[in-house]
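Report on one structure; see the data block that follows.
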Amino acid sequence: MWRVCARRAQNVAPWAGLEARWTALQEVPGTPRVTSRSGPAPARRNSVTTGYGGVRALCGWTPSSGATPRNRLLLQLLGSPGRRYYSLPPHQKVPLPSLSPTMQAGTIARWEKKEGDKINEGDLIAEVETDKATVGFESLEECYMAKILVAEGTRDVPIGAIICITVGKPEDIEAFKNYTLDSSAAPTPQAAPAPTPAATASPPTPSAQAPGSSYPPHMQVLLPALSPTMTMGTVQRWEKKVGEKLSEGDLLAEIETDKATIGFEVQEEGYLAKILVPEGTRDVPLGTPLCIIVEKEADISAFADYRPTEVTDLKPQVPPPTPPPVAAVPPTPQPLAPTPSAPCPATPAGPKGRVFVSPLAKKLAVEKGIDLTQVKGTGPDGRITKKDIDSFVPSKVAPAPAAVVPPTGPGMAPVPTGVFTDIPISNIRRVIAQRLMQSKQTIPHYYLSIDVNMGEVLLVRKELNKILEGRSKISVNDFIIKASALACLKVPEANSSWMDTVIRQNHVVDVSVAVSTPAGLITPIVFNAHIKGVETIANDVVSLATKAREGKLQPHEFQGGTFTISNLGMFGIKNFSAIINPPQACILAIGASEDKLVPADNEKGFDVASMMSVTLSCDHRVVDGAVGAQWLAEFRKYLEKPITMLL
């Protein structure tokens, strides 16, 4: 056999001394005698025979026969490389796909299937957080989950990275129990037989990065990306205490992102064993361990002194001490600056009739056809959780709504006693400052103003509200949104974005509406405003504005937009100039309406009209002055003749 092998591989220098080793191995007592391979030599000679696998094949290696005497002897002769692809059952390596046009990497938010589970075609395998949203990753064929290679919460997984292994038969799952990505890597030839696992395991070296090695089974909960632009967050409030039981869908903490304060929910049942980041801690980087969750209540005490290095330096930030007043008065404590241990509620109760519900509970309620107004929430501030939906028994009489808690905000602080107060800068306020500064410094703004006769719109609005009485209420701002969207279709240059290398002209009009909240300015989006009726727009605006003020907006509801409207007319502001919201090219500033004398074809020669002043801020890189004027002309035409919005 060796002569056949050596003859075919005679041009391979690394194998020159193998004949002597082959003979020596066969002399070892107890080693089975292996004769030359029977049968004719292979007819095909076009395969590569200069590599490890090629020489093994020429020497009679038979992968299908498993651990035969011949195979064991060849492994000792050639040096085993460890487990290789062809030594495993048939399987499929599942790579991370591109789930958005601009996606370069993703985060495994949650695995929907566990190792050993059967996967049917169309089943959701995992939820992957892209640069745009969290997207479900579905299976394209029937199979079984053999091995998960990328753990939940792993961030910045590049596209194409292998995230799991699937097999066609359930009996093949066991073969991948210890499979790792390194298992299929090209091995380094070994000069001796593979040692036993006990011999290869080196003693663990002390490392502060592995504090959980001597702890009971547990899960580190990392700070996730709760908005596409989030790089860090502030732990506003912990809704659970150490030792409390956690159920799927329970609100764990309130996290302040760069856009809003968002509830962070529990994905699975367990017990809160340790809080690693205290309330009020600011600028916590993404991926930082926030807390420890265990499956068994008895394991909680083991984590009393748990201290991972990632969070040892994270402490609640206290505002700089306020200098004492100049006047000679007895020094008094400064109660105005909120301490991290007792922050203001991140999410004040909403107006009468508002239902607080977790996303998971809301989804289950829709599936079961449950009216959320009839469900009594047992979560924080009356929040409805998954447990409430599961235990809900429908009744004919809906329970009385919970008492409305008066909203509290940053302004409702104790009476000042010094000459000034230092207010900590929130993440939202910091981002607003950065973006507005960037806009004014990098975008060449110019401004165009025009007066619009609102008489016809006011008449149409009055008639429509009579028709919709008890169903919806349309505002003047809803007509403005509709007219703006239609004007953007007429003058698409105003519905464009500066993208550094190109000007992107958008084919749909998503109108961002500026809303003032206690936390700062935010711009929820009325999507596809150009094809929606004013009633639908009115309902969208009311819903979005309410969610914005309560900090309940989801990232996709305020990220994006192609055109922005800012309305200060309700405050009596006659006119103002707004700052462009990049990468958009325009923003429309709406002033108050006031009665003015205008020329008219009547006996008096004049009439009294309700005139509204608007100012369009334009990016001169995208919209030239004449183009901006054309847009305002179209906008005024739609409002002064609202019937044309039906064309």
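Glycine too: its Cβ is placed from the backbone N, Cα and C atoms.
Note that the structure is predicted; figures quoted are calculated from it, not measured.
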Which residue of Ser472, Ser475 does Swiss-Prot report at the same CoA site as Arg461, Ser566, Asn567, Gly591?
Ser475
Could you let me know which of Lys93, Lys241, Lys376, Lys466 shows up in Swiss-Prot as N6-acetyllysine?
Lys466
Test of record reading: of Lys259, Lys352, Lys596, which one does Swiss-Prot tag as N6-lipoyllysine?
Lys259
Would you report the average pLDDT that the model assigns to the domain 'Lipoyl-binding 1' (91-167)?
87
Of the modified residues Lys259, Lys466, Lys473, Lys547, which sits closest to Gly591 (CoA binding site) by Cα distance?
Lys473
Within 10 Å of Arg461 (CoA binding site) (Cα to Cα), which of the modified residues Lys259, Lys473, Lys547 do you find?
Lys473
Counting other CB atoms within 10 A of each CB, which of the binding-site residues Ser475, Ser566, Asn567 comes out lowest?
Ser475
Listed recorded positions (Arg461, Lys466), ranked by Cβ neighbours within 10 Å, top entry:
Arg461
In terms of DSSP three-state secondary structure, what is the assignment for Ser566 (CoA binding site)?
strand
At the Cα level, what's the spacing in Å between Asn567 (CoA binding site) and Lys473 (N6-succinyllysine), rounded?
18
Whole-number Å distance between the CA of Lys473 (N6-succinyllysine) and the CA of Ser566 (CoA binding site)?
20
